[in-house]
Amino acid sequence: MSDNIGQINFTIPGIQSLDENDTYLKINHKKTIKICAYAITAIALFFIGGVFFKNQAKINALDAIDEAVLMNKEIAHLREILNKYKATINEDDEFVYQAYDNKNGDSENQLLLMLHKLLKNNANKVNTFDVNNESNKNIDPTYIFRQKLESMQDNIKYASKFFKYMKENNKKYENMDEQLQRFENFKIRYMKTQKHNEMVGKNGLTYVQKVNQYSDFSKEEFDNYFKKLLSVPMDLKSKYIVPLKKHLANTNLISVDNKSKDFPDSRDYRSKFNFLPPKDQGNCGSCWAFAAIGNFEYLYVHTRHEMPISFSEQQMVDCSTENYGCDGGNPFYAFLYMINNGVCLGDEYPYKGHEDFFCLNYRCSLLGRVHFIGDVKPNELIMALNYVGPVTIAVGASEDFVLYSGGVFDGECNPELNHSVLLVGYGQVKKSLAFEDSHSNVDSNLIKKYKENIKGDDDDDIIYYWIVRNSWGPNWGEGGYIRIKRNKAGDDGFCGVGSDVFFPIY
């Protein structure tokens, strides 16, 4: 053996080669051990994780089943309450029986889901059932819901009315949370109208209220919708404005000192021969455009002796750059635009309810231009209506104003001028006949209540009023119009009427 060993030739390169091979084998051996360890660990983790997630999935599934069972129990209780409510339903609530045609299904299922969400939200706010209390462990988990069901009749009543309101006003909401918030806004307004209408005829109240397309607005949305009227600098007024009496004297209609005592007791331009049905500005703050275009439409028809024709409010929104589009404006600047450009037909430049990036008036035929802008003082309104016709005015629109449904408005007004409308007439009526106007569609029961409430008063007292055309569609107010209280001379400035009055001169 020693002889064999002695015969081996141990060169330096050979020794180095053996060392390298040995090192390589050791490294590979360690790698193999690590790989095996990692593989075993991964397999173990995978197995453990699979077992865990499988068990967790089972737990979640069981929780989901429990939650679904709980929700079904709660909705079953709600359905019982709803059925009891249906037994005492009146004509106003018949909508509960009708199908609510939208993607979410029929009215009853939608109503139940909304009531369930509402009830759950209320339960979270005032939780009288402590589930962590040992003494409550064996109590039915629907206890807290049944505890609050006694008060659900009112919610069912208001919710059924809200669903009817949604359908009538084509309301669609993003999700149930928004729908519940809109419901709360609606309920506040609905209760306000009911309380107001109970008092109609008392304390001088001569108008009734009703929920409408704005009744689901929040207070912030109300404030954003009504923008302060843009002011007009004196240099523009002096350049373009012609005072009413000067205009009438120039056209030989009257002498400059003509007095209002010569005028009739009433003047009404609401006839179909003067106007198309009132239009709807939608959620765009473009009342100034509708007032100005409405004024121009009357002037165009009256001057040319034609039937009513619709002109473009959208052109004013897009092209009258002195105004702020859907963020407010002033009819004066719309008339100023008409002086320099002309007006498009409504069919050629239709209303969109929002401001476009570009003015597209090159696409339409520009018809008659305005040459000057007339100005009316507060004590000249009756004179203006008799000699030149309708005029644009500004009012201080308030929540009372928005909820107006019929009668002669004498409610609270906003001290700030924030809404442009068209003054189309004036009149007077005995107090007992305040709701007998042919344009009024007030419920006969409210008229009866009004007459009962004014008993003992001097029902022969005369109520004087303005007739105003709004831009909230024909379903608002009295066919799209509102009658606003005034004094006999028409110069009291109630609700801002008379503070900012213009008309176009053709």
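In case you wondered, yes, glycine gets a Cβ from its N, Cα and C as well.
As annotated by Swiss-Prot, topological domain 'Cytoplasmic' applies to 1-32. Look at Swiss-Prot and you will find 33-53 tagged as transmembrane segment, backed by sequence analysis. Positions annotated as topological domain 'Lumenal' by Swiss-Prot: 54-506. Under the heading N-linked glycosylation site, Swiss-Prot lists N133, N258, N418. Per Swiss-Prot, disulfide bond is recorded for C284-C326, C319-C359, C344-C364, C413-C495, and the stated evidence type is similarity to another entry. The feature active site is assigned by Swiss-Prot to C287, H419, N470.
What Swiss-Prot annotates, mapped onto the structure for a quick look.
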residue: C287; record: active site; contacts (Cβ under 8 Å, 6+ apart): Q281, H419, S420, V421, S471
residue: C319; record: disulfide bond; contacts (Cβ under 8 Å, 6+ apart): Y337, N341, C359, N361
residue: C326; record: disulfide bond; contacts (Cβ under 8 Å, 6+ apart): C284, G285, S286, V317, G353, H354, E355
residue: C344; record: disulfide bond; contacts (Cβ under 8 Å, 6+ apart): F311, S312, Q315, N361, C364, S365, L366, L367
residue: C413; record: disulfide bond; contacts (Cβ under 8 Å, 6+ apart): V395, G396, A397, S398, D400, F401, F494, C495, G496
residue: N418; record: N-linked glycosylation site; contacts (Cβ under 8 Å, 6+ apart): F226, K227, K228, L229, A394, V395, G396, A397
residue: N470; record: active site; contacts (Cβ under 8 Å, 6+ apart): P278, V421, W476, G477, G480, Y481, I482
Item to complete: Rank the disulfide-bonded residues C284, C359, C364, C495 by the number of other Cβ atoms within 10 Å of each Cβ and report the first-ranked residue.
Response: C495
Worksheet item: Which number gives the other C-beta atoms within 10 angstroms of the C-beta of H419 (active site), all protein chains shown included?
Response: 28
Discussion item. Need the DSSP three-state call for C364 (disulfide bond) to compare against my parser.
Written reply: coil
Worksheet item: For H419 (active site), what is the secondary structure by DSSP, using just helix, strand and coil?
Response: strand
Fill in: Segment confidence, the topological domain 'Cytoplasmic' (1-32), expressed as mean pLDDT
44
Worksheet item: Where does C326 (disulfide bond) sit by DSSP, helix, strand or coil?
Response: coil
Worksheet item: What three-state secondary structure does DSSP assign to C495 (disulfide bond)?
Response: helix
